[in-house]
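J.: Starting off with a structure, shown below.
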Amino acid sequence: MGPIGKLKLGQNPMATATIAAVVILMNFIVIASAADVPKLEIFPSQKVQRKAVGQAMILTCRPNVPSPNLVADLQWKDNMNNTILPKPTGRNPPMFTEYMTGTESLALIINHLSVEMEGKYYCTASYATNEILETSVTVKTYVGITWTNAPENQNPILGEDYVVRCEVKADPNPTIDWLRDGDQIRTGEKYVVETNGLLIRNVQESDDGIYTCRAAVLETGELVERTIRVEVYSRPAITYLPTTLEATEGKPFSANCTATGKPVPEIFWIKDATQQNVATADRFQVNPLTGVLNINSVTQDDYGTYTCIAKNDAGVVDQKTKLNVLITPSIHFLYNVTGDSQKEIALTCRAKGRPAPEITFSRWGSDDEYAAGVQVDDERITLEQHFDEEKGESSGTLRIARAQRSDDGLYQCKARNTGGTAYATGHITVQFPPDFSHMKDLPPVFSWEERKVNLTCLAMSIPNATIEWRWNGKPLKDLNDKNLQIVGTGPRSDLIVHPVARQYYSVYKCVATNILGTSQIDIQLKEARVPEPVPAAEPKQLTATSITFDIRSPPVEFGMPITAFTVQYKEAINPDWSTAMNRSWSPDSPYIVEGLKPQTMYHFRFAARNQVGLGMWGVNTQQSTPKRSAPEEPKPLHSPVQNDIEEPVVVSPYSDHFELRWSVPADNGEPIDFYQVKYCPGVKMAGTWHELENQCQSVEVADSTSYEMSRLAGNTYYRIELRAHNIIGFSSPASVIMKTTRGIDVIQMAERQVLSSASIVGIAVGGVLLLLFIVDLLCCVTINMGVMASMCRRTKRSPSEIDEEAKLGSGQLVKEPPPSPLPLPPPVKLGGSPMVSPSDEKQPLQTPTESIKQNSTVEFDGKFVHSRSGEIIGKNSAV
């Protein structure tokens with residue numbers, strides 16, 4: 001260091017400033033001298049230029065000299081030291097030079113950089129004719145990141161391993177990594193990062209998503225990302241296709257081939273014999289999405305094997321099926337057969353069809369079919385079946401060993417295959433000898449007073465039987481008896497008997513014969529008589545005005561039932577039965593005598609009636625009626641529909657009202673003038689009824705047997721007491737517990753209908769007829785004229801003409817045809833009139849007709865006929 005360096009700067013500020021000025025001056029001198037040195041400059045100024053292969057680049061060479069006009073021969077030389085020529089006109093070479101407009105710079109232009117262009121390039125020039133200027137730049141190339149196999153949409157297959165492809169090209173070699181949803185994927189059990197992509201093991205639907213393939217070149221700092229959409233596909237799989245299909249000739253047909261896959265597979269049907277896609281054939285339609293195959297009308301040519309193909313972007317699958325064309329069965333042989341009882345009968349049925357139909361039988365009207373082989377429930381019956389598949393024919397034979405009458409009838413043959421069922425009906429006739437088992441339990445035939453009667457004989461047999469009548473061991477046809485007339489000779493025959501003498505009340509034999517045998521039956525004709533006296537009649541219930549009896553029926557003969565019971569009654573102080581009152585009942589009705597006087601002793605006698613007439617009077621009993629009293633307890637006409645623990649409860653269908661209805665009780669001698677209805681709300685606590693006395697209401701109802709309680713509380717219990725009242729007092733109360741429903745009425749009242757015009761006309765006509773009846777009645781009473789007067793005069797006939805109703809106990813029987821034991825055709829018209837036998841002392845009544853008829857009345861209550869005072873008419877009476 002010189003003297004200047006030895007100065008202590010910190011000690012002399014002036015010296016420090018001087019040294020700095022000297023240094024600045026020396027640097028300026030050096031820079032000025034360097035600017036005067038001629039040279040060439042290349043832009044960009046970096047000595048090494050890095051560019052990606054395929055890119056374009058420009059290098060500019062500019063002289064930096066004091067006198068630019070002294071620069072000559074400015075040019076570029078390539079990496080092979082060859083001079084690069086300027087761009088020729090009309091051509092565009094890979095590399096050329098050209099002067100930059102407005103400058104003295106020479107540019108080297110490379111349109112498409114290649115690896116071969118890598119190297120050192122020189123820019124040269126001469127200056128002032130004797131100085132050579134030269135500079136250089138090194139061009140280095142690299143390959144940029146290029147996606148060579150990285151589709152943006154990739155579709156792995158479900159359940160398989162798949163490599164998500166991402167192949168890149170770069171020089172220097174790039175590094176690859178993967179991202180999913182922004183997170184880096186690393187090699188593991190599920191994913192493996194490979195050089196050519198990302199391996200996904202056992203692909204599942206959850207592997208759908210967006211994946212990012214990222215490529216980086218560390219030397220160049222280049223970083224490029226590729227987004228790849230991964231959608232998992234599944235190979236098609238046929239899920240439904242029967243191995244065989246059956247279609248019926250001449251009918252439409254539909255088959256289904258279903259397949260799954262992603263994307264949804266397209267389905268094709270191919271006929272193997274012709275390799276034709278049936279979607280293009282006549283009569284065929286195929287839905288490629290659902291796989292449904294439709295055939296408008298099946299023919300035999302459609303028989304064969306078909307392949308169902310399901311195809312999507314993930315693969316193809318196929319499956320075969322066989323289409324069988326069915327022929328509907330047809331029955332071509334079935335004939336009626338006839339066989340003898342206890343012998344074998346065979347009914348054969350033959351049919352055609354494809355496949356050969358199965359043949360079975362069933363009885364007409366029954367769905368139960370006979371099974372092949374011996375029948376479990378009847379070993380006599382066997383079904384034999386035979387099949388010929390090649391010809392499409394089959395037969396069935398129903399064999400019945402030891403045939404019985406019950407086997408006779410219609411049989412239905414059923415020929416069945418998968419194409420349908422054919423039906424035909426045949427008849428098996430089982431011949432058997434005559435049989436009278438259906439007549440064994442019939443009652444005898446009755447007649448009386450020489451009435452003609454039919455004795456019917458009907459023989460069951462196949463073939464029909466011939467019938468012969470015998471009496472006392474002799475054929476009737478040989479007797480020539482005019483009182484015995486035969487109508488018909490079989491299989492039904494009627495013997496008309498006119499029993500003019502007691503000998504005709506006998507047993508007649510009917511003999512039936514056919515080719516298989518003979519059978520006979522005895523038919524008895526008996527003389528009918530009036531019933532025996534009634535053995536007992538006990539009072540069962542008494543009121544002041546009525547008595548209910550329990551009548552024991554006398555013994556009856558099979559076939560002659562009791563048709564009515566009759567009672568005759570009078571006051572005990574009256575010794576004359578001719579003025580007695582009469583009443584009749586049918587056997588199935590209650591035996592009630594009404595209209596009696598209270599506290600009065602009555603005599604009663606009873607008789608039974610059948611088709612012949614009224615029997616003798618049997619029981620003669622006395623019974624007095626109780627004194628007048630309060631009415632009997634009325635009976636409410638309501639049935640409990642809900643039961644609580646203590647007693648029945650009647651539920652009203654309404655929440656605010658309830659209609660109480662009751663039947664009229666016996667008045668016990670004094671007419672009922674009103675009913676008292678009392679109802680109180682209340683509750684039950686610990687099994688005890690507690691009424692709200694301050695809320696009780698009581699009303700009297702006259703001339704009605706119903707009362708509607710209104711303004712009731714919903715969901716509330718009411719105790720209702722009902723009493724009947726006459727002049728003597730109140731009856732015992734009838735009690736009802738009623739409960740109203742909750743809230744609004746659950747049952748709406750039907751709208752009251754206005755009378756129709758037809759009803760109004762009917763009422764008007766009824767009123768006119770009633771008026772005419774009243775006028776006629778007045779004419780009859782006052783002047784003995786009119787319709788009623790004429791009817792009254794007709795009743796005054798001679799005693800021989802008086803009918804049986806007026807002649808109680810006269811002993812004369814009513815003549816009417818006796819019933820036949822079997823259903824008969826229209827009755828045979830017979831001549832003559834029945835004979836009237838004189839009365840004897842066994843007649844129940846010996847009173848003049850006029851004395852009985854003067855008090856006669858007839859009543860009908862809708863079910864039974866009741867007669868009083870002189871008339872004895874019962875249900876099913878012979879009158």
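Heads up, the Cβ atoms here are built off N, Cα and C, so glycines get one too.
Feature list, courtesy of TrEMBL:
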DOMAIN    38-140  domain 'Ig-like'
DOMAIN    159-229  domain 'Ig-like'
DOMAIN    236-324  domain 'Ig-like'
DOMAIN    329-429  domain 'Ig-like'
DOMAIN    434-524  domain 'Ig-like'
DOMAIN    530-628  domain 'Fibronectin type-III'
REGION    620-641  region 'Disordered'
DOMAIN    644-744  domain 'Fibronectin type-III'
TRANSMEM  760-787  transmembrane segment
REGION    795-856  region 'Disordered'
COMPBIAS  816-828  compositional bias 'Pro residues'
COMPBIAS  844-856  compositional bias 'Polar residues'
J.: For the region 'Disordered' (620-641), find every same-chain residue at least 6 residues outside the stretch whose CB is under 8 Å from a CB in it, and list them.
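T.: Same-chain contacts beyond the ends: 537, 539, 542-545, 547, 572, 596-605, 648-651, 660-670, 672, 675, 720, 722-726, 728-734, 736, 738.
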J.: Which one of these stretches, 38-140, 236-324, 434-524, 644-744, has the most C-beta pairs shorter than 8 Å to the domain 'Ig-like' (159-229)?
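T.: Going through each listed stretch, the top one turns out to be 38-140.
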J.: Count the residues of the domain 'Ig-like' (38-140) that DSSP assigns to helix (H, G, I), to strand (E, B) and to coil, and report the three numbers in that order.
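T.: Secondary-structure breakdown of the domain 'Ig-like' (38-140): 6 helix, 57 strand, 40 coil.
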J.: Over the span of the domain 'Ig-like' (159-229), count residues by DSSP class, listing helix, strand and coil in order.
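T.: So the domain 'Ig-like' (159-229) is made up of 3 helix, 43 strand, 25 coil.
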J.: Please count the residues of the region 'Disordered' (620-641) that DSSP assigns to helix (H, G, I), strand (E, B) and coil.
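T.: Final tally across the stretch: 0 helix, 7 strand, 15 coil.
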J.: When DSSP states are grouped into helix, strand and coil, how many residues of the domain 'Ig-like' (236-324) land in each?
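T.: Summed over the domain 'Ig-like' (236-324), the classes give 6 helix, 53 strand, 30 coil.
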J.: Roughly where does the domain 'Fibronectin type-III' (644-744) sit in mean pLDDT, to the nearest integer?
T.: 86
